[in-house]
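Colleague: Here's a structure for you.
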Amino acid sequence: MRPKLVIGNWKMNGNRADNAALLAGIAAGLGAHAAACAVCVPAPYLQQCEETLAGSRIAWGAQDVSMHDCGAYTGEVCARMVADFGGRYVIVGHSERRAYHGESSELVANKVLAVLEQRMVPIVCVGETLEQREAGQTVQVVGAQLDAVLDALDPQVLPGLVLAYEPVWAIGTGRNATPDMAQQVHAQLRARLAARNPAAAAVVPVLYGGSMKPDNAFDLLAQPDIDGGLIGGAALKAPDFLAIIAAADRVTGGAAGGPAGSERAAQAA
Ligand SMILES: O=C[C@H](O)COP(=O)(O)O
């Protein structure tokens, strides 16, 4: 069983005072928990994360980056800036970016390249809408979203990815995919990855996101291809986030979590 990874996506929430309380609550409750964890925060709070979390077991990162390196792109944040504040992870291709900002799979692929260039870990999000699921198009939709990224990458770098399956209809709705439904999609994503690089498929964490909460986390995380969670609403309350981490620990029996594949490789080198 792969180590579990639990990542909070704060989305556009927070302020300095609330963040401080939330991070302190997570740090205080983390104790001996073994699953790896991280928070992906709004860019203005990356510095607060670096100041608060450096040296802790909680990693941090961003929710999006520009596909461009730094330069004349007003309003954008480049991967180099996230790295400058010690960010380890960047969420890329979240469905809210795809839906509200018109991000294509090709743009997502270029953002993944930008994140890897800075030696950070992209969390590549894929997921189908309710309409697509009901039309029986789930495999085709998430497969095409993933392939657009895989097509842009040298297979050698694939161990450095994290994937996240986030059915759009489950995000923020309180209606999670059942463990069986999620497991099926996760297995398909892993098989697609294996077709490009079997070694990567063995180590890349495939996270589930979409109304993961303390009361459903264990059953989801117990699935063989669900390696963790990308948590929205429940990541904004320390007790809920910690309860999901604890559920991950119960699944693994407390086996230590760790960094994504590329980082393991770098550390071993
Ligand atoms: O990135 C996180 C997902 O969008 C899940 O959000 P949620 O846990 O609030 O449903």
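Cβ coordinates come from backbone N, Cα and C, glycine included.
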Colleague: Can you tell which of Gly172, Gly253, Gly254 TrEMBL lists as binding substrate with Asn9, Trp10, Lys11, Ser211, Gly232, Gly233?
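Modeller: According to TrEMBL, the candidate sharing the substrate site with Asn9, Trp10, Lys11, Ser211, Gly232, Gly233 is Gly172.
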Colleague: Can you tell me which of Asn9, Trp10, Lys11, our binding-site residues, come within under 6 Å of ligand 1 at the Cβ?
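Modeller: Only Asn9 qualify.
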Colleague: Counting only other Cβ atoms and using a 10 Å cut-off, which of the recorded positions Lys11, His94 scores lowest?
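Modeller: Lys11, out of the recorded positions Lys11, His94, has the fewest neighbouring Cβ atoms within 10 Å.
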Colleague: Taking only the residues the record lists as binding substrate, namely Asn9, Trp10, Lys11, Gly172, Ser211, Gly232, Gly233, what is the largest Cα to Cα distance between any two of them, in Å to the nearest whole number?
Modeller: 14
Colleague: So if I measure Cβ to Cβ from Gly232 (substrate binding site) and keep only same-chain residues at least 6 apart in sequence, which ones fall under 8 Å?
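Modeller: In sequence order, Asn9, Lys11, Ile171, Gly172, Gly209 meet the Cβ cut-off.
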Colleague: Rounded to the nearest angstrom, how far is the Cα of His94 (active site, electrophile) from the Cα of Glu166 (active site, proton acceptor)?
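Modeller: About 8 Å separates the two Cα atoms.
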Colleague: Rounded to the nearest Å, what's the C-alpha distance separating Ser211 (substrate binding site) and His94 (active site, electrophile)? Just drop the number here, would you?
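Modeller: One finds 15 Å between the Cα atoms of these residues.
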